[in-house]
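Since the structure comes first, as structure tokens, the remarks are kept for the end.
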Amino acid sequence: MGNSEMSASEVAAAKQKNVDDWLPITSSRNAKWWYSAFHNVTAMVGAGVLSLPYAMSNLGWGPGVTIMVMSWIITLYTLWQMVEMHEIVPGKRLDRYHELGQHAFGEKLGLWIVVPQQLIVEVGVDIVYMVTGGASLKKVHQLVCPDCKEIRTTFWIMIFASVHFVISHLPNFNSISIISLAAAVMSLTYSTIAWAASVHKGVHPDVDYSPRASTDVGKVFNFLNALGDVAFAYAGHNVVLEIQATIPSTPEMPSKVPMWRGVIVAYIVVAICYFPVAFLGYYIFGNSVDDNILITLEKPIWLIAMANMFVVIHVIGSYQIFAMPVFDMLETVLVKKMNFNPSFKLRFITRSLYVAFTMIVAICVPFFGGLLGFFGGFAFAPTTYYLPCIMWLVLKKPKRFGLSWTANWFCIIVGVLLTILAPIGGLRTIIINAKTYKFFS
């Protein structure tokens with residue numbers, strides 16, 4: 001009797017292993033530490049970096065610099081916590097954000113706390129990146145060929161999506177590492193172009209650093225929206241465990257060591273991308289800067305066209321980094337819950353449908369700036385600023401009023417404030433601009 005039972009559980013284990021070897025997050029575990037560096041850069045340095053001077057113009061110098069630097073420190077701290085908690089259970093790896101959530105809050109509750117937020121972030125980012133990709137392609141076309149007949153954004157988004165209908169079928173994180181590396185290099189390049197071209201232009205003769213809005217109400221709401229933009233700029237946490245899952249781990253060399261090395265490199269790159277763009281862009285253009293600094297810099301045309309093309313390449317990589325965990329969730333549900341056979345056909349259909357879905361939403365709702373502030377506070381703040389801290393308090397139980405305890409509560413309070421305040425600003429921006437928005441523009 002024992003033998004057959006034994007074999008039944010072995011069969012189950014073998015089946016589980018087969019599924020794990022097939023799923024995108026867990027299938028390949030041979031990443032080097034520098035993979036984690038450029039995956040993290042690609043995930044974190046969003047096209048959001050180009051809206052930082054605009055955010056600065058709504059925050060002003062004092063609050064602006066404070067919030068930028070503070071966000072950088074807090075998010076680095078919460079990222080460190082996640083890297084540490086990846087192997088908090090000896091001999092087991094928490095490969096996905098929701099697995100860590102389930103370990104901290106229990107099977108059911110953990111899923112319900114993490115998965116909806118993670119999906120809002122990942123699908124939200126992918127939709128925003130569809131819009132960004134399409135808009136940047138359109139901009140390149142306008143710059144390179146100013147006399148051509150204008151092509152609607154809708155078609156540019158479709159052209160951008162066509163790339164993803166192909167590369168979404170790469171099986172896992174390691175197979176997109178070349179794309180991700182290219183994307184990380186691009187984000188550095190266009191950030192550098194953005195601030196270097198600003199410096200080259202020189203400070204505007206009548207530069208003005210007073211708040212952009214004329215009314216007090218406007219100032220407050222713009223401030224809140226800018227908070228969302230900055231919070232959104234540091235949001236690589238949704239994919240950090242999934243990236244760490246690709247790194248091999250042994251008792252002598254746990255995965256957190258190479259992962260942390262990669263994260264540090266990534267954060268230095270993030271600082272090199274963000275701070276010069278935000279501060280120099282604001283210093284030079286003051287409150288006349290557009291919500292995408294590349295629009296403010298019209299000349300030299302070839303350089304700005306190139307920068308926009310780099311944005312496109314970067315966004316291709318970012319889209320994939322954020323789509324991979326979604327593919328993983330979809331495929332897990334289909335194979336484990338609905339007992340589909342893990343096959344290429346299944347993968348081909350689910351991923352194509354996902355790309356089509358993000359494309360259609362992007363085409364219907366191409367308003368970029370307002371959505372960022374709204375989603376930023378709503379889903380990014382929790383997953384980036386305070387969920388890791390709450391999990392840390394639950395799992396590590398630091399001493400009350402000790403350094404760790406205080407730091408975590410500080411992050412939680414800041415994060416909760418962001419969650420409440422940023423969407424208010426974002427929503428108002430959406431409402432004000434909605435009058436001029438056209439669906440299917």
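Note that Cβ sites are derived from N, Cα and C of the backbone, with glycine treated the same way.
These figures come from a predicted structure and were not determined experimentally.
Annotation comment: Swiss-Prot describes 1-32 (among others) as topological domain 'Cytoplasmic', evidence class sequence analysis. Model confidence over the topological domain 'Cytoplasmic' (1-32) stands at 73, taken as the mean pLDDT rounded to a whole number.
Listed by sequence, the residues of this chain that lie at least six past the ends of the topological domain 'Extracellular' (54-58) yet keep a Cβ under 8 A from its Cβ atoms are 64, 68, 209, 211-213, 219, 222-223, 225-226, 229-230, 278-279, 281-282, 285-287, 289-293. Taken from Swiss-Prot, the feature topological domain 'Extracellular' applies to 54-58 (among others), supported by sequence analysis.
Here the topological domain 'Cytoplasmic' (80-110) is broken down by DSSP into helix, strand and coil counts: 19 helix, 0 strand, 12 coil. The topological domain 'Cytoplasmic' annotation in Swiss-Prot covers 80-110 (among others) and is backed by sequence analysis.
What Swiss-Prot records for 132-152 (among others) is topological domain 'Extracellular', and it gives sequence analysis as the kind of evidence.
Helix, strand and coil counts under DSSP for the topological domain 'Extracellular' (197-222) come to 12 helix, 0 strand, 14 coil. For 197-222 (among others), the entry in Swiss-Prot reads topological domain 'Extracellular', with the evidence type sequence analysis.
What Swiss-Prot lists as topological domain 'Cytoplasmic' is 244-263 (among others). Helix, strand and coil residue tallies for the topological domain 'Cytoplasmic' (244-263), in that order: 9 helix, 0 strand, 11 coil [DSSP].
Counting residue by residue with DSSP, the topological domain 'Extracellular' (285-300) contains 8 helix, 0 strand, 8 coil. The topological domain 'Extracellular' annotation in Swiss-Prot covers 285-300 (among others), and the record cites sequence analysis as its basis.
What Swiss-Prot records for 322-347 (among others) is topological domain 'Cytoplasmic', and it gives sequence analysis as the kind of evidence.
The topological domain 'Cytoplasmic' feature in Swiss-Prot is assigned to 397-406 (among others).
Marked as topological domain 'Extracellular' by Swiss-Prot: 428-441 (among others).
Annotated transmembrane segment per Swiss-Prot: 33-53 (among others), in sequence order.
The transmembrane segment annotation in Swiss-Prot covers 59-79 (among others). Remote same-chain residues near the transmembrane segment (59-79) are listed as 52, 209, 211, 223, 226-227, 230-231, 233-237, 240, 263, 267, 270-271, 274-275, 278-279, 282, 384-386, 388-389, 407, 411, 414 (criterion: CB distance under 8 Å, separation of at least six residues from the stretch ends).
According to Swiss-Prot, the transmembrane segment annotation covers 111-131 (among others). Among residues of the same chain six or more beyond the transmembrane segment (111-131), those with a C-beta under 8 A of the stretch's C-beta atoms are 46-47, 97-98, 100-102, 105, 157, 160-161, 235, 238-239, 315, 318-319, 322-323, 325-326, 329, 358-359, 361-362, 365-366, 368, 371-372, 375, 378-380, 382-383, 387.
With a cut-off of 8 Å between Cβ atoms, the residues of this chain six or more beyond the transmembrane segment (153-173) that come close are 24-25, 27-28, 31, 35, 39, 130-131, 133-135, 137-138, 141, 179, 242-243, 245-246, 312, 315-316, 319-321, 323-324, 327, 347-348, 351-352, 354-356, 358-359, 362-363, 366, 440-441. Marked as transmembrane segment by Swiss-Prot on the basis of sequence analysis: 153-173 (among others).
Per Swiss-Prot, the feature transmembrane segment maps to 176-196 (among others).
Residues or ranges marked as transmembrane segment by Swiss-Prot on the basis of sequence analysis: 223-243 (among others).
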Counting only CB pairs under 8 A, let me know which of 33-53, 223-243, 264-284, 348-370 has the most with the transmembrane segment (407-427).
223-243
Just give the helix, strand and coil counts over the topological domain 'Extracellular' (54-58), going by DSSP.
5 helix, 0 strand, 0 coil
Among 176-196, 223-243, 301-321, 348-370, 374-396, stretch most in contact with the transmembrane segment (264-284) (C-beta, under 8 angstroms):
176-196
Intrachain residues whose Cβ lies under 8 Å of the topological domain 'Cytoplasmic' (322-347), provided they are six or more past its termini:
18-19, 22-25, 43, 96-97, 115, 118-119, 121-123, 125-126, 129, 164, 168-169, 171-173, 176, 238-239, 242, 354-355
If we skip the immediate neighbours and take only residues 6+ beyond the ends of the topological domain 'Cytoplasmic' (244-263), which ones have a Cβ under 8 Å from one of its Cβ atoms?
25-26, 28-37, 39-40, 76, 79-80, 83-84, 86-87, 93, 95-96, 172-174
